[in-house]
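Engineer: So TrEMBL lists the following for this protein:
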{"type": "DOMAIN", "residues": "7-126", "note": "domain 'Response regulatory'"}
{"type": "DOMAIN", "residues": "156-385", "note": "domain 'Sigma-54 factor interaction'"}
{"type": "MOD_RES", "residues": "ASP56", "note": "4-aspartylphosphate"}
Amino acid sequence: MKDKNAAILVVDDNEDILFAADLLLKKSFAKVDTLASPATIDQQLQQHDYDVVLLDMNFTQDASSGKEGLAILQRIKAEHPDIEVVLITAYGGMELAIEAMKLGAGDFVVKPWHNERLLTTVHSALERRRTRHKIQVLEQTQVQLVEQAYQDFDEFIGNSDAMQAIKETIQRAASTDANILLTGESGTGKGVAAHTIHKLSKRYDKPFMGVDVGALTESLFESELFGHKKGAFTGADNDQVGRFEAAQNGTLFLDEIGNLALSLQVKLLGALQNRQIVPVGGRKAIDVDIRLICATNDNLQDSVSAGQFRQDLLYRINTVEIRLPALRERRQDIPLLVDYFLRRYAKKYRREPLRVSDNAMQMLSDWHWPGNVRELQHLMERATILTSGDDLSTELLFPNGQPASPELEQATPLTTLNLEELEKQAVLNAMRSVEGNISKAAKVLGINRASLYRRLNKFEL
Ligand SMILES: Nc1ncnc2c1ncn2[C@@H]1O[C@H](COP(=O)(O)OP(=O)(O)OP(=O)(O)O)[C@@H](O)[C@H]1O
């Protein structure tokens with residue numbers, strides 16, 4: 001059977017050899033190209049994605065030292081380390097072949113070759129390359145899985161009618177492969193819902209890859225999602241597997257999808273429609289099988305009307321739409337969440353969970369929670385750390401009739417004229433005023449999310 005994904009290049013100055021190799025290999029491999037001179041090999045490798053190069057060792061007339069072949073081999077391996085090079089040597093060139101293998105050649109065949117032996121050699125070279133790629137995907141998937149394992153993936157708490165309806169929809173939608181769009185204010189649990197869907201789906205034992213697309217600059221977007229080839233741009237020192245491929249057979253969670261620039265929406269749509277991605281600097285399309293979940297706190301239909309979001313992309317991502325209600329719309333869940341977070345932080349800070357009086361619970365239930373569950377969670381953590389007694393103190397929780405969550409503290413007055421310091425204080429104040437929501441803080445500051453992330457890093461905030 002023909003290997004429909006294999007691309008082979010044969011480089012030899014002997015036309016007869018090229019003809020014979022082409023005839024033989026074409027029966028087994030989809031793409032076979034030949035080159036009679038190594039002069040244009042660099043160009044050829046730039047323009048095509050070869051898996052295996054069969055390379056003669058000598059090109060100048062009467063040359064037999066093999067030095068030319070070794071030099072070309074080194075060049076290929078330096079620029080395209082993942083290409084398998086198989087050397088074609090004349091009988092007796094064993095020492096040379098061994099030296100070549102030390103320089104990265106995968107194997108060699110001796111001229112005149114046996115057809116069966118040549119085919120086996122090329123098949124094995126292909127297998128080595130594919131195995132290496134699989135390992136690369138697995139390694140990068142593992143790195144990303146470990147990163148995600150360190151984040152808190154909470155149970156999905158909530159018993160209110162609204163939450164029960166949502167849990168039912170999630171249960172039903174999870175078992176299908178339908179694309180899901182999660183909407184709702186910041187902190188309502190869209191991330192938790194996405195994880196829950198993945199855990200309940202038949203892909204539960206495959207990767208869950210999350211990407212905050214709103215934080216990606218245009219130039220980073222493609223490389224992060226589709227991967228890149230070594231040398232595709234300055235700083236691309238190695239091949240990099242993108243999130244689409246790392247999520248293979250699992251779930252891809254695109255958070256803050258509403259912040260995606262229009263130019264990138266086209267690229268995302270293309271990948272979703274074709275179920276294929278092409279790494280930056282690569283030529284071969286890679287099939288991807290992922291379940292897509294997107295989240296946004298924007299109203300995407302409004303964004304479509306305003307010309308900021310593509311209608312066709314919205315149709316593609318919102319097969320099932322689930323709206324997470326604000327916490328103030330499901331106040332019945334507040335006691336449950338208070339209890340859950342107090343227990344959780346008691347465990348974390350090695351103490352007994354704080355007791356909550358009826359009065360304190362009433363105050364918590366009455367608050368309108370602009371930061372939703374995230375705000376409640378922060379408040380419970382803060383109370384657990386700061387309370388020395390056994391009871392959750394209402395004075396500590398609501399010193400001025402408002403939660404004493406750091407996000408609602410007064411903005412720091414600007415006390416300096418140092419530009420750098422002013423910038424830092426502006427970032428801090430913006431983050432506080434929107435209880436840590438990156439999208440909102442970026443809007444307040446009049447910059448995009450990526451620029452805000454850069455500043456948060458710079459100021460170590
Ligand atoms: N139902 C819930 N049960 C338990 N924890 C929850 C629930 N909803 C939210 N949380 C917690 O609240 C915090 C915010 O949740 P999450 O990040 O999922 O919200 P989000 O809607 O995705 O917010 P954003 O739009 O800002 O990304 C997280 O720490 C999460 O663990």
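Yeah, the Cβs are placed from backbone N, Cα and C, and that goes for glycine too.
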Engineer: Could you pull the average pLDDT for the domain 'Response regulatory' (7-126)?
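Structural biologist: Over the domain 'Response regulatory' (7-126), the predicted model scores a mean pLDDT of 87.
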Engineer: With every protein chain in view, how many other Cβ atoms are within 10 Å of the Cβ of ASP56 (4-aspartylphosphate)?
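Structural biologist: Neighbour count, Cβ to Cβ under the 10 Å cut-off: 24.
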Engineer: Could you find out if DSSP has ASP56 (4-aspartylphosphate) as helix, strand or coil?
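Structural biologist: In the DSSP reduction, ASP56 (4-aspartylphosphate) maps to strand.
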